[in-house]
Amino acid sequence: MDSNTVSSFQVDCFLWHVRKRFADQELGDAPFLDRLRRDQKSLRGRGNTLGLDIETATRAGKQIVERILEEESDEALKMPASRYLTDMTLEEMSRDWFMLMPKQKVAGSLCIKMDQAIMDKTIILKANFSVIFDRLETLILLRAFTEEGAIVGEISPLPSLPGHTDEDVKNAIGVLIGGLEWNDNTVRVSETIQRFAWRSSDEDGRLPLPPNQKRKMARTIESKV
């Protein structure tokens with residue numbers, strides 16, 4: 001059995017015990033108590049699967065947590081602040097743009113737009129977003145620009161549906177790229193997008209997709225009309 005699997009279970013058991021003590025003092029709200037009940041069932045299932053006793057695992061988890069806390073400084077306990085990364089200027093973000101052949105798709109809480117009239121162009125994706133724990137936290141806006149500076153595509157959060165993950169953003173980028181490459185455009189991404197939002201690109205930012213995947217992605221872009 002993998003040692004990380006065992007130690008993870010032990011720490012989870014001890015942290016559940018701490019949360020249970022907190023709830024016993026009538027300090028937990030309804031969502032907290034609901035998670036506590038669900039996690040209890042989960043721990044029982046994991047314990048049966050691993051063949052481990054929960055009480056014994058809780059004691060071992062306590063020792064692990066105490067050892068970590070002894071080595072932890074007050075500075076390390078601080079929550080890291082988000083960093084805001086910008087590819088686009090304020091003018092590029094706020095500029096109005098128009099589509100000759102508009103296509104739009106809503107993917108979760110993200111809206112994907114593109115102009116399907118654009119063909120045989122080199123297109124660069126730029127984005128402004130926040131990062132925490134070295135991962136994309138919140139997308140503010142992503143836009144696709146031609147070499148001449150024209151906006152031909154966009155991914156933006158829907159105000160009515162807040163909340164998205166870095167995986168949601170990556171999937172939306174894949175849909176946008178698929179639609180643009182369907183018309184024989186060459187799509188590249190900025191350095192910040194390569195690092196935090198799209199880790200599948202090569203060194204020069206090229207985002208190749210096989211023809212069958214391009215067709216599949218292009219078909220997912222539905223008409224706004």
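Yeah, the Cβs are placed from backbone N, Cα and C, and that goes for glycine too.
Features reported for this protein in Swiss-Prot:
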- 1-73: region 'RNA-binding and homodimerization' (REGION)
- 34-38: motif 'Nuclear localization signal' (MOTIF)
- 132-141: motif 'Nuclear export signal' (MOTIF)
- 175-210: region 'CPSF4-binding' (REGION)
- 204-225: region 'Disordered' (REGION)
- 218-225: region 'PABPN1-binding' (REGION)
(request) Could you tell me what the rest of the chain brings near the motif 'Nuclear localization signal' (34-38), counting residues at least six beyond its ends with Cβ under 8 Å? (result) 16, 19-20, 23, 28
(message) What does the DSSP secondary structure composition of the region 'RNA-binding and homodimerization' (1-73) look like, as residue counts for helix, strand and coil?
(response) 61 helix, 0 strand, 12 coil
(request) Note the mean pLDDT of the region 'RNA-binding and homodimerization' (1-73), expressed as a whole number. (result) 91
